[in-house]
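Peer 1: Residues or ranges marked as transmembrane segment in TrEMBL: 58-76, 88-108, 120-146. The annotation active site is assigned in TrEMBL to Asp114, Asp130.
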Amino acid sequence: MIYYLIVIISVVLDQISKKIVIDNLKPIGTVPLIKDVFHFTYCENTGAAFSIFSKNTALLTVVSLVFILVVFYFLFKNIKKKNHNKMLLFGLSFILGGAIGNFIDRFFHGFVTDFFDFRLINFAIFNIADVFITIGGILFCIYILFSKDDESIF
């Protein structure tokens with residue numbers, strides 16, 4: 001089904017991008033695409049978003065795995081529904097793909113590789129998995145805001 005394909009493609013794109021970054025960017029650190037605006041910067045993030053919980057990688061790995069299992073459960077359960085909501089399923093698929101991509105890094109390396117660096121607005125460095133999680137979160141919020149009262153993911 002398309003939703004599982006989104007998960008797989010999200011994970012593959014994320015892992016390929018991180019492999020390219022590790023092989024090419026790690027030795028040099030940063031490459032400005034637009035000086036002081038947007039750089040590719042190699043960063044090892046031991047925490048979650050904005051490096052929170054950076055001192056607790058093991059706990060974060062376990063919490064990430066539980067989160068992945070919960071999202072997978074809701075995705076699987078809602079795919080089975082006769083009148084499933086596509087906005088919800090696309091959102092959950094992108095969230096799941098991004099979460100798995102970052103979990104793989106955290107599990108095998110003890111950190112997540114980040115590299116998108118928007119310096120103009122002094123934003124946290126992030127990666128493709130984070131982009132997928134954000135897209136999924138936006139779709140999920142749209143679903144929550146505009147779904148009918150009788151629709152439920154539970």
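Just so it is clear, glycine is given a Cβ too, placed from its N, Cα and C backbone atoms.
Remember, predicted model here, so these are calculated numbers, not experimental data.
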Peer 1: By Cβ count within 10 Å, point out the most packed of the active-site residues listed: Asp114, Asp130.
Peer 2: Asp114
Peer 1: Work out how many Å separate Asp114 (active site) and Asp130 (active site) at their Cα atoms, rounded off.
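Peer 2: One finds 9 Å between the Cα atoms of these residues.
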Peer 1: Per DSSP, to which secondary structure element type does Asp130 (active site) belong, with helix, strand and coil as the options?
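Peer 2: Note: Asp130 (active site) is helical by DSSP.
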